[in-house]
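J.: The structure follows.
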Amino acid sequence: MGKEKIHINIVVIGHVDSGKSTTTGHLIYKCGGIDKRTIEKFEKEAQEMGKGSFKYAWVLDKLKAERERGITIDIALWKFETAKYYVTIIDAPGHRDFIKNMITGTSQADCAVLIVAAGTGEFEAGISKNGQTREHALLAFTLGVKQLIVGVNKMDSSEPPYSEARYEEIKKEVSSYIKKIGYNPAAVAFVPISGWHGDNMLEPSTNMPWFKGWKVERKEGNADGKTLIDALDAILPPARPTDKALRLPLQDVYKIGGIGTVPVGRVETGVLKPGTVVVFAPANITTEVKSVEMHHEALQEAVPGDNVGFNVKNVSVKELRRGYVAGDSKANPPKGAADFTAQVIVLNHPGQIANGYTPVLDCHTAHIACKFAEIKEKVDRRSGKTTEENPKFIKSGDAAIVNLVPSKPLCVEAFQEFPPLGRFAVRDMRQTVAVGVIKAVNFKDASGGKVTKAAEKATKGKK
């Protein structure tokens, strides 16, 4: 077998008709985890429904429908392989909770793949003021997705088909606006593709002899290639933050007969080992970890990205809940936040947001109402410079520095230090009205929580 390939996560973004589904479907179909049986079943259904041309999007629509109905599909279906990586598509827009998922997402995307359509008028619609292309790209950048690949799709339907001039025009335009957002176009691979016909997806296209390949320049090393799959292969591998302090937001807490209380969650930073004396913030409960398991196997250590269950002593299920964060009680432990300051970007709020506004914040696994106590300043989204002090209100399109006060105990961190615990979605009226990145946290004093017998014993034993 040799060494297993590195796992990376991508998010696919772009306007609604850019062909994201077809492109993604094509990759999953050709290099992915969909078994032959499933494909034959889908193809047969497609034939019967007169969708005989069997668009790859059909695969994705089927998967998406199942995902939305809450059927947990075998996650392998959202995976495919390149020469170097196992790639997981963590979400594709069009999914109702895409923005929220991207922010609270169980995982940070290592790279965003932006799909734009080359058809006449299509590209212009996507990139126009109300197109989703800009918003998705801005979101990706704001949320710390530093790598980008651009697929110029539907090259088969440009005027004339496979037009070099059209490709160059789009490349120039996209370069200029991703630069405004904060990406460096020289480090972005641009690939002219047809997700439907397969041009430059896995094999160099014979329809575009003018395309000599893509090149990227970056301090970590330059790269070049011909196809979209090459570009995915050239993504820089993520550095998983094992050297940081432990942060593990709880997704669930189970009571398991004969074992006891088992919190479950994903290690975001640091390392969790049996014997660690953990503290759960914001409740400030301290206890010892007896064992750590993943996929029913005992682990000697869990690292960032691992979804684990761990058994804790002398703590009842009632004392822990989703949204709490586990950390090492002896190494920069997590604490509850009294209040925090964040840069907030308002995406789509029908009215105005003023001091006192109290929506629900989704941050990591926590879901808690927070009050906009003070809107301190309006800032320019790109440069971060102040444009207005103490504004009366903010509205869609604005970015602002805001002081927020949680209505119940909440554990969050500065984005700089712990990115997964430092970005949030602002939800109101069943939609994401804003996104935020936490600049600074004013922590509560962490004295006076429960310390279990197991924790005391473990601590004594180590002296």
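Even glycines carry a Cβ here, placed using N, Cα and C.
Swiss-Prot lists these features:
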type    : residues : note
DOMAIN  : 5-242    : domain 'tr-type G'
REGION  : 70-74    : region 'G2'
REGION  : 91-94    : region 'G3'
REGION  : 153-156  : region 'G4'
MOD_RES : Glu301   : 5-glutamyl glycerylphosphorylethanolamine
MOD_RES : Glu374   : 5-glutamyl glycerylphosphorylethanolamine
J.: Six or more residues out from either end of the region 'G4' (153-156), which same-chain residues have a Cβ under 8 Å from its Cβ atoms?
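T.: Here the qualifying positions are 18-19, 22-23, 115-119, 122, 162-163, 166-167, 192-197, 199-200, 205, 207-208.
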J.: Tell me the residue counts in helix, strand and coil for the region 'G4' (153-156), as DSSP assigns them.
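T.: Summed over the region 'G4' (153-156), the classes give 2 helix, 1 strand, 1 coil.
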J.: Round to the nearest Å and give the CA-to-CA distance linking Glu374 (5-glutamyl glycerylphosphorylethanolamine) with Glu301 (5-glutamyl glycerylphosphorylethanolamine).
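T.: Cα of Glu374 (5-glutamyl glycerylphosphorylethanolamine) to Cα of Glu301 (5-glutamyl glycerylphosphorylethanolamine) measures 42 Å after rounding.
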J.: Per-residue pLDDT averaged over the region 'G3' (91-94) comes to what?
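T.: Mean pLDDT across the region 'G3' (91-94) comes out at 55.
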J.: By a simple count, how many Cβ atoms lie within 10 Å of the Cβ of Glu374 (5-glutamyl glycerylphosphorylethanolamine), its own Cβ left out?
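T.: There are 16 such Cβ atoms around Glu374 (5-glutamyl glycerylphosphorylethanolamine).
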J.: Per DSSP, Glu301 (5-glutamyl glycerylphosphorylethanolamine) is which: helix, strand or coil?
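T.: The three-state answer is coil.
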J.: Can you name the residues of this chain that are 6 or more positions from Glu301 (5-glutamyl glycerylphosphorylethanolamine) yet have a C-beta less than 8 Å from its C-beta?
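T.: Within the chain, Glu301 (5-glutamyl glycerylphosphorylethanolamine) has Cβ neighbours under 8 Å at Val271, Leu272, Lys273, Val292.
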